[in-house]
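Quick look at what Swiss-Prot annotates:
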type	residues	note
DOMAIN	29-260	domain 'UCH catalytic'
SITE	GLN109	site 'Transition state stabilizer'
ACT_SITE	HIS197	active site, proton donor
SITE	ASP212	site 'Important for enzyme activity'
DOMAIN	357-385	domain 'ULD'
COMPBIAS	413-447	compositional bias 'Low complexity'
REGION	413-462	region 'Disordered'
COMPBIAS	448-462	compositional bias 'Basic residues'
Amino acid sequence: MSVAGGSISTAAGNAGKNNALPMAQLADGWLELESDPGLFTLLLEDFGCHDVQVEEVYDLQKPIESPYGFIFLFRWIEERRARRKIVETTAEIFVKDEEAISSIFFAQQVVPNSCATHALLSVLLNCNENNLQLGETLGRLKAHTKGMSPENKGLAIGNTPELACAHNSHAMPQARRRLERTGAGVASCRFTGEAFHFVSFVPINGQLFELDGLKPYPMNHGCWEEHEDWTDKFRRVMAERLGIATGEQDIRFNLMAVVPDRRIAITHKLKMLRTNQAIVSGTLQKLLKADEQGERDEQQRPDTPTTLLEPSAFTARDLQSLLKNLDTEIAINEQHLADENDRRQMFKVDASRRTHNYDKFICTFLSMLAHQGVLGELVSQHLLPSKKIANRLNRQTNAATAAANAANTNVAGTNAAGSKSQQQQQQTQQQPQQTQTAKNGKSPGKTPGRRRKGRNKCRKRK
């Protein structure tokens, strides 16, 4: 605890000295952040770590180049079967040895709404310092918390104003209002019945660790095979975790990778390509000049100490083809670098839109419209199209119903007309027969025997 207090005084002293930290922003505590790779990338820059970026992972099977770690966002429900099943599964892999715990950076989340920063720090502060430049703030935090307990490390994170200010600067205005409604002591990712929570997966000393600030201990998933990368082990663990945590039904989760800044690798590759381009271009010019002058002496051949290419092994046509390929590669990488710069710029634009509070503008704009007497008319115009659309849909529905009824009526009329036509045809066929019977002196439809029998009965009655 004393070391954590020292971290506060050191950071606060630097803040007061430089007047760079708006301490009033910390009055409301830590605010809730969205799960967005652009937001996390800019947050790392604000922490002082400029050589890292965060990318969203859409396909677990797709290879990822040199990741420092992964951040998994999932729906946290305190009392559900899947949660109990995960606890039962992960309890067996808890690392409870105090010496092993103190040798890594594992911090318990004791500050509400700080799980996003916890997840990033769990990845960065467990990386090899030779491969990653942490910056002044994170480097000081790592040095101060060395050997601390997980709880004190969590307190040290919450008591570092640089981290808190950077964290809150990326929160939406709705997060502050939500915090005011729920109370400053309620954590959206810890104490509510259903929320979202971040955990980190990092390789430490040849083993895959899962660091969750809401768990009492770090979790060791074991070593990976000699012939595979640590990401292969992570994929297997993640596939199993998704099946348990989501019950193969809930798809509300997010996976992000903390990777080196792509612009650094592209810039390094461009530098190498341009160097090779200059070497090949110079060699080609000297070779063409030698061909023109007819000088083929070995001592006069171009000297290329920085290339492994022997000028005598290539013709001018070969060098021209190689130069063309280099030009193509340079153009492709320049486009990639421009895309990455545009992407980083869009992160900043989205951050400005996300964090800007539009409430005052909207209220002022509506007040001006009401003062000018046009607000009611605009509202009516906005509502009128909706009514027109509803009426149009009703008319279309009624027309479709009437058309269907008319079609059914036509079908019934057609069937009746067909039956009447058949009856007329039958009557037409019977008329010649009746005419022939009349010619023979017999009444159609009457039996002669019955007629005589009836006459005899009449005579008897008389």
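Placement of Cβ uses the backbone N, Cα and C atoms for every residue, glycine included.
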Taking only the CA atoms, the spacing between GLN109 (site 'Transition state stabilizer') and ASP212 (site 'Important for enzyme activity'), expressed in whole angstrom, is 8
Do me a favour and check the Cα-Cα span between the residue listed as 'active site, proton donor' and ASP212 (site 'Important for enzyme activity'); whole Å is fine.
9
Cβ-Cβ under 8 Å from ASP212 (site 'Important for enzyme activity'), same chain, 6 or more residues apart: which ones?
HIS197, VAL199, SER200, PRO218, MET219
So if I draw a 10 Å sphere around the Cβ of the residue listed as 'active site, proton donor', how many other Cβ atoms end up inside it?
21
Tell me, roughly as an integer, the mean pLDDT over the domain 'ULD' (357-385).
81
On the DSSP side of things, how many residues of the domain 'ULD' (357-385) fall into helix, strand and coil, could you say?
24 helix, 0 strand, 5 coil
Tell me, by DSSP, whether GLN109 (site 'Transition state stabilizer') is helix, strand or coil?
coil
For ASP212 (site 'Important for enzyme activity'), name the DSSP secondary structure in the helix/strand/coil scheme.
coil
